[in-house]
Amino acid sequence: MPELRGGVWRARLRSKKVYDVQDADPAASPVSPAPRGRTGRRGGAAAGRGNKTVAEGGGRKALKPRGKGCRAVDLCKDQPCKDLPEVIARKAVTGKAQEDLGLNKVADRAANLMMDGESGDKFAAAEDESTTTPVPERVQVGNSPEYITDRKLGKGGFGQVYVGRRVSGGGSRTGPDAQEVALKFEHRSSKGCNYGPPYEWQVYHTLNGCYGIPSVHYKGRLGDYYILVMDMLGPSLWDVWNSVGQAMSAHMVACIAVEAISILEKLHSKGFVHGDVKPENFLLGHPGSVDEKKLFLIDLGLASRWKEASSGQHVDYDQRPDVFRGTIRYASVHAHLGRTGSRRDDLESLAYTLIFLIRGRLPWQGYQGDNKSFLVCKKKMATSPELLCCFCPAPFKHFLEMVTNMKFDEEPNYPKLISLFDGLIEGPASRPIRIDGALKVGQKRGRMVVNLDDDEQPKKKVRLGSPATQWISVYNARRPMKQRYHYNVADSRLHQHIEKGNEDGLYISCVSSSANFWALIMDAGTGFCSQVYELSQVFLHKDWIMEQWEKNYYITAIAGATNGSSLVVMSKGTPYTQQSYKVSESFPYKWINKKWKEGFHVTSMATAGNRWGVVMSRNAGYSHQVVELDFLYPSEGIHRRWETGYRITSTAATPDQAAFILSIPKRKPMDETQETLRTSSFPSNHVKEKWSKNLYIASICYGRTVC
């Protein structure tokens, strides 16, 4: 029964793991021969020939889209995606399905520029540099002095920076009266200027006077450009790293660490996260000035709020896997996966920055191609802190462990993070970087002793460097009913089990595969009145599926095996009125988002090796859906979705990733209880226990759960 909490009814939601993990080693699994095409009762099809075109069947007038779906911001290229056919069916009224060779192909066009190179690797909401409008030779904005535009200092995702020399007057090195300033130009056609001045202006205005953030003295528009007049600064940490032989001492990097943490603490206290922490965005003060050893954090073009300005509450969690903001080399894993930015992400990027400055290289450098972000994220998840920091002093490993284990809305313990590096920092005379901010944080600690081991409960590590795969089973509360499972089913025995279940009034509700053997869940609560299935040597046999669509069957369960074969189950008695599916070499989030906008919802998913198959249907009974995609079981994301009313309705996993579709049903069930379980073997020992609590398997898959 639901529990009453805080004045509202909340369902019982549990995620349980059985700690009998086995290593992921698909190559060691027994491989059965690729099956010949087989058709279950009431079906009928030849062996599959593979999907070579996109096809659409004629049918009834499409329903109006239901649900608002998720709005995707097309900021960067997809994860690796070799698009395979999309197939759409409409329930036939007359005639055969007509092929449309044009055919709803999804154009996955990247909207960013990629700044490729060992120091950049940046995907961002970048401006279109196709404009050839020269920057003004002379600049005067607002009540500023007049400046002559001199040499170019650099170019980023949101603009370009030049030296500005004052035409007359000015005698100081910094401040509004400086002889030299930095002029940042952003073209009015830049994506950041669609609605007027750049968003960065608003951030600088809010952060005015914030420790470690350079001052903006004047701003305004001149011709086609929005212009910021800022303090001139010195070399970046990237420049310094290059000048000292591409390796910094642990002492120097420790000084950088504590001061950078202090700067981020001040920035975060204003409600913002930076979003692009890296060596190129940390600059020292102007050479010869009093600030030449002071650290500054620049480029707020990707800054975002972690705290709502009006309410002061933490922003809501979300994940949009097609959105990436930052620089690939230093971005947090959560940024790669499209999760809403929060304070933990800046700190994870700082950890990679510090390790890079000491080691001179990160293990994920060198990847190229459209799937670069995917490969880098996969490598980050697979690299344990022990391995990544094997040539670094222990404090850097401890720092990385702490920040990569933080929750989405967790407040960082900045004093504790700074205190990690106390033993590496020498006296004031030998410090290459001023650590004024860190010292102030230390003064706040006062006489308190920060115990690094005992002041809080130890957290479970999320990145072990030992990938593993498991069964993931999802259980929903139902009225008592008959349910049956079969696992380790060979191709030759599949028909026998299904026939026996049909004779007992059971229909297939979900299917899965592991090591080229099948798992079947059959129950009496599907509501189906007829069912057909096909075991094919290809992954989702288009011709057979379209043939069944013509007979008013709809896909209700799919599974794929490592050897590329698939099991497709189609049923009558569903509420669906239209259906579409896609096979892709990567998780097809952009296609899913497109279909959401057309009123479809995900109703089945499967994988075959590293290929994904996703089925979407109209009139599925959901008002909204979201995706949780990760290189491990996304426990935090699932629990956050549960708390906001979502329930898991589809699951699938490859040896690399696990994906979960969570939905809000239009009709709220009497009992919303949902539980998940992860086991190294099929959960036969646990299912009966669940049945005794009226919890029944709703979805099951086998794949990556641990990194």
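Including glycine, each Cβ sits where the backbone N, Cα and C put it.
Straight from Swiss-Prot, the features:
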type: REGION; residues: 19-67; note: region 'Disordered'
type: COMPBIAS; residues: 24-37; note: compositional bias 'Low complexity'
type: DOMAIN; residues: 147-425; note: domain 'Protein kinase'
type: BINDING; residues: Leu153, Gly154, Lys155, Gly156, Gly157, Phe158, Gly159, Gln160, Val161, Lys184; note: ATP binding site
type: ACT_SITE; residues: Asp276; note: active site, proton acceptor
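This view paints the features noted in Swiss-Prot onto the structure.
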residue : record                       : Cβ within 10 Å
Leu153  : ATP binding site             : 14
Lys155  : ATP binding site             : 13
Gly159  : ATP binding site             : 26
Val161  : ATP binding site             : 19
Asp276  : active site, proton acceptor : 28
Integer Cα-Cα distance in angstrom, Val161 (ATP binding site) to Asp276 (active site, proton acceptor): 17
Segment-level pLDDT (mean, integer) for the domain 'Protein kinase' (147-425): 94
Local backbone state of the residue listed as 'active site, proton acceptor', from DSSP in three classes: coil
DSSP-derived structure type at Lys155 (ATP binding site), helix or strand or else coil: strand
Rounded inter-Cα distance in Å - Leu153 (ATP binding site), Asp276 (active site, proton acceptor): 19
